[in-house]
Amino acid sequence: MAESVELPTRLGILPFRNKVLLPGAIIRIRCTSPSSVKLVEQELWQREEKGLIGILPVRDAADAATVDPVVSQGVGTDSGERSSRVQVGASDSHRLDGKNQQEVIHWHSRGVAARALHLSRGVEKPSGRVTYVVVLEGLCRFNVQELSTRGTYYTARISPLEMTKTEMEQVEQDPDFVSLSRQFKATATELISVLEQKQKTGGRTKVLLETVPVHKLADIFVASFEISFEEQLSMLDSVDLKVRLSKATELVDRHLQSIHVAEKITQKVEGQLSKSQKEFLLRQQMRAIKEELGDNDDDEDDVVGLERKMQSSGMPSNIWKHAQRELRRLKKMQPQQPGYTSSRVYLDLLADLPWQKASEEYELDLRAAKERLDSDHYGLTKVKQRIIEYLAVRKLKPDARGPVLCFVGPPGVGKTSLASSIAAALGRKFIRISLGGVKDEADIRGHRRTYIGSMPGRLIDGLKRVAVCNPVMLLDEIDKTGSDVRGDPASALLEVLDPEQNKTFNDHYLNVPFDLSKVIFVATANRVQPIPPPLLDRMEVIELPGYTPEEKLKIAMHHLIPRVLDQHGLNSEFLRIPEAMVKLVIQGYTREAGVRNLERNLAALSRAAAVRVAEQEQAVSLSKDVQSLASPLLENRLADGAELEMEVIPMGVNNHEISSTFKIASPLTVDEDMLEKVLGPPKFDDKEAAERVATPGVSVGLVWTAFGGEVQFVEATAMGGKGELHLTGQLGDVIKESAQIALTWVRARARDLNLSTAEAANLLEGRDVHIHFPAGAVPKDGPSAGVTLVTALVSLFSQRRVRADTAMTGEMTLRGLVLPVGGVKDKVLAAHRCGIKRVILPERNLKDLTEVPSAVLSGLEIILAKRMEDVLEQAFEGGCPWRQHSKL
Ligand code: ADP
């Protein structure tokens, strides 16, 4: 490209319609017309040395008419004329009439000599026409002197137009040219760097700028742009270097500007897209997702729906104002904004709360209520009586501010079910709020909305769930609330239970007062002691001490078994649990105050029975009737070669008849075998006490826990040591002190009790004592183990066994007085459950025995003790034999 070219005087001409090949440009063309094929064949293909051809632009006739009215002379009229000649002016376009008068060709007078870089020949099928594909490179300009035809293509006599070397050198001295070429190079460099930035290409194009002479560069650059034919022509005509350079600079600059403008537009569009378009696109996506989920009501409808819900919620006017303020805020927010969801959830709660909605309270029928209580619960006469009284007062004075009932007792004695019976008797909805383990005031009162993840308290949440403002609300396990650094839930509960304050209960999350005065509160607790006194003061405690085995049996037969059978899809026709077996379950498998474990065991039996019944049902359904029906039918059909048909049960037959077809011959009756198989070997028996006290140093005590009364063994042993007392079994401080008192008392009375001789006055001389309370995993505390501890120690030192049928409870003073203790009723019941026959109690607990069912008392010998000696007298077989020697 850089080298100068020797031009021949005559060149074969290839016309380019409305197109210019500039020097330095490379073009790939396909020649199919007979004239161009001939031209290529003769001028390029068949030549041995590299041939050149001239590319001459040709203008369309219509364009020529408007742009250039000069009509050039005809080249010839006859297409067959071999050597017709035409004179063409230097700068004019001329007309060459090739084939006939009509087809006038407007030749441009200047062209570019080109050489073929690559040639390939092909044969078109099926016509067999030869075609060429030529890659041409423009070399230099020439002027057409004369145009003629050779066979089918044109040739021209030409003269070169490019400057000679000396001319070139002269021009290069010209300061105008120098500044022009500098300007061109600057623009071209800028264009290249812009293009490279865009296309992230390396700096290959820049090398061109350094190596190629600037006048050729001008052509190469312009050839690579898309410019109009006119502009191409004028570039071709720019033989003068200065003119060419300034034209090229102008074109390159124009191209550069157009790139800049295009870039600016894209940026602007992209910017707009990133704001509104992005939002639009996201919204479109969201809508599509919602549609896909079948949830196509959009946010706006959502807010409208919310407002409607708020309007119909019956909020008091002041709260309505507050809610509207919040709603206005919500409407101004975008759903994507951070506060939107929290605001939305809050308003939802406001709209969902039962501000006015109440279940209709019908005229209370006391007799029906009593019947209902009786049918739901066995026994509990006093409790039921108190409930009826409570209901009667409510009937006479519906807005009476009676105390809150609080059922206290071990688990499974029916506290929850009594509360729900109250709700049923009043025709109100029932909701249970569990307070067990609540230590944070926010659980009752809610978190302020400023906190992330804040929620309403359990009461407001419960009311939202129950959706009426007058339910019976059970505050379950109110004794299990504790207080710590996060506040005191009990003080919040005080407000809830105080009829004066609960009209305007303030939940921190809700932030507006809610009227709780229509709610009927009922509480449950396992024990009274942990309930804070101010809270206890607002409640009326009703104790449910637990059931005797006889009561349990009745409850099981009349309430639990029918319910459990029903829950398992059985009835007494399928499974029978005889009384004797229930008794066995009560004695051998449960030792609880309530009936929850009993119910669980009965459920286990029912499950086992359900499996058997289900299995039998299947066996029966395939048995004789059906088979005798089916087999001849099958045989007939098979004999006919027909398809099998299903047996259709006639429409008239009802379900009962169908199930009677499958009814098992006789109901399954639970026996000892089945008990053992399903429940395993019995867990408890009456012999336990006898086995435990078989060695001296063990006594039987009665304690009171959250699960009701229990029998607690105390073990003492002695070994060589320094007179120390070891205590184990997770004991609290009070019980540890009781052990110290007991040991001191025994040591002080050792002589009188005949435990040591006068010479060895110190009972602990050279030995340690270890006292252990079994069930080491259960924490124990309380003062009532005093007498039991002394008995264990006396048994240990005297090496005499205590009576296995006797259990005891009582606090002891250092001087040996027996003081009264709590939970007597539960303890006596526990002794009865465990098969103990004699119970030693502090004398001052006599009054508590009135609460113990007479059935239990009749089966027990109750011994009342005033002093420790009375206890010891009764605890050992044959009394206290050393008494005659002492002056206790
Ligand atoms: P609590 O709330 O005291 O722990 P529940 O009320 O949950 O106990 O009672 C446990 C189960 O025992 C319930 O199925 C209940 O119906 C039943 N139950 C308790 N006491 C009686 C009773 N006296 N009569 C009939 N069923 C009872």
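We count from 1, first residue shown onward.
The backbone N, Cα and C atoms fix where each Cβ goes, glycine too.
Listed features, source TrEMBL:
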type     : residues                                                       : note
ACT_SITE : SER784                                                         : active site
ACT_SITE : LYS827                                                         : active site
BINDING  : GLY409, PRO410, PRO411, GLY412, VAL413, GLY414, LYS415, THR416 : ATP binding site
DOMAIN   : 11-256                                                         : domain 'Lon N-terminal'
DOMAIN   : 693-878                                                        : domain 'Lon proteolytic'
REGION   : 71-96                                                          : region 'Disordered'
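Cα-Cα distance from PRO410 (ATP binding site) to LYS827 (active site): 12 Å (rounded to the nearest whole number). Proximity to ligand 1 at the level of Cβ atoms, with a cut-off under 6 angstroms, picks out PRO411, GLY412, VAL413 from the binding-site residues PRO410, PRO411, GLY412, VAL413. Counting every protein chain shown, the number of other Cβ atoms lying within 10 Å of the Cβ of SER784 (active site) is 27. Each of the binding-site residues GLY409, PRO411, GLY412, GLY414 was scored by the other Cβ atoms within 10 Å of its Cβ; the lowest score goes to PRO411. The record gives GLY409, PRO410, PRO411, GLY412, VAL413, GLY414, LYS415, THR416 for ATP. Within 8 Å of the mean position of their Cβ atoms, the other Cβ atoms in that chain belong to PHE407, THR524, LEU544, ALA593, GLY594, ARG596. For THR416 (ATP binding site), other Cβ atoms within 10 Å of its Cβ number 17. Following the DSSP three-state reduction, the secondary structure of LYS827 (active site) is helix. The distance from the Cα of LYS827 (active site) to the Cα of SER784 (active site) comes to 11 Å. Of all the Cβ atoms in the protein chains shown, 25 others lie within 10 Å of the Cβ of LYS415 (ATP binding site).
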